[in-house]
Amino acid sequence: MTHTVPQNMKAAVMHNTREIKIETLPVPDINHDEVLIKVMAVGICGSDLHYYTNGRIGNYVVEKPFILGHECAGEIAAVGSSVDQFKVGDRVAVEPGVTCGRCEACKEGRYNLCPDVQFLATPPVDGAFVQYIKMRQDFVFLIPDSLSYEEAALIEPFSVGIHAAARTKLQPGSTIAIMGMGPVGLMAVAAAKAFGAGTIIVTDLEPLRLEAAKKMGATHIINIREQDALEEIKTITNDRGVDVAWETAGNPAALQSALASVRRGGKLAIVGLPSQNEIPLNVPFIADNEIDIYGIFRYANTYPKGIEFLASGIVDTKHLVTDQYSLEQTQDAMERALQFKNECLKVMVYPNR
């Protein structure tokens, strides 16, 4: 298969908070170990919205015109001279963080902790709201024809849940509570189901998201506008508490609730990042009950497992994509995801449609 690569491409460039313009940029040149990818689908993530509205996340500050988007999949358009894993026309999912491979974290297999990672759409590295991106072949993964590009793009948020399951050693038959049903939380439900959790309890404010969680595999849903999460969890678990809790929303109250829901000797994973640096937690409860607490930062070694889970049909993510936009409509897509969270789940942009 051949693919004619143009010299220039369209890109959705953020010039200021809530201001995106469509520009023409050169198609990137690839190094010997890289592939050029024609981007077919990009999901909008919470971090994209944070940069879009605030221009920064913590120490990562947007200081120049910037391209968002990191949940992506596409088609190989060109390969470098030493690339031996791919050919033009291959359909691929993209793991968006390129690491050094030399530091202590990389050598230990925890490359998500690499201090020199170059992560798409994390300043100063531009993202995937463009028609073409380049990527080192190590971070590109073949997808079967049975997977759509949208599903392949969702492997990125799915990976966060897979990583949380691996870190907390989630066992078949376990009871788990997952707080927050944003896109990461919904994909965390999928991960819990794929790992064989027996009881999956989820909490959120929005009926749309709770119903989506049911479709993803949740066995119990709790609308915290109407119900007391802890009381409901006590009832469901016969006062035992859950084996594992994941907080995915970055909400301080939800984190405290997640901790309180865990049984003696249980586990808590902090998946969502709160806006504040310090949150009060019940330290005597943690110590007296020997609660293990896990930080979750992105993921490592998850993409093959994510592709396997989706291709097997264990979980079905097709219903999560509620809104679709062209590259020229990227600002509209961002505003939709920002302002109508009660109406949409995952908003997808198609740079080459």
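Here the Cβ of each residue, glycine as well, is placed from N, Cα and C on the backbone.
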Starting from the NAD(+) binding annotation in Swiss-Prot that includes Asp204, Arg209, Val271, Gly272, Leu273, Ile296, Phe297, Arg298, which of Val184, Val189, Val315 is the extra site residue?
Val184
What's the number of neighbouring CB atoms sitting within 10 A of the CB on Gly272 (NAD(+) binding site)?
23
For Glu156 (substrate binding site), which residues of its chain lie six or more apart in sequence with Cβ-Cβ distance below 8 Å?
Gly43, Cys45, His70, Glu71, Cys72, Ala93, Val94, Glu95, Pro96
How far apart, in angstrom, are the most distant Cα atoms among the substrate-binding residues Tyr51, Glu156, Arg298, Tyr299?
21
Would you count the other CB atoms within 10 A of the CB of Cys45 (Zn(2+) binding site), including those on all shown protein chains?
24
About how far apart, in whole Å, are the alpha carbons (Cα) of Arg209 (NAD(+) binding site) and Tyr299 (substrate binding site)?
24
Can you list the residues of the same chain, besides Cys45, His70, Glu71, whose Cβ falls within 8 Å of the Zn(2+) site's Cβ centroid?
Val42, Gly43, Ile44, Ser47, Asp48, Gly69, Cys72, Pro96, Leu120, Ala121, Gly127, Ala128, Ala153, Glu156, Pro157
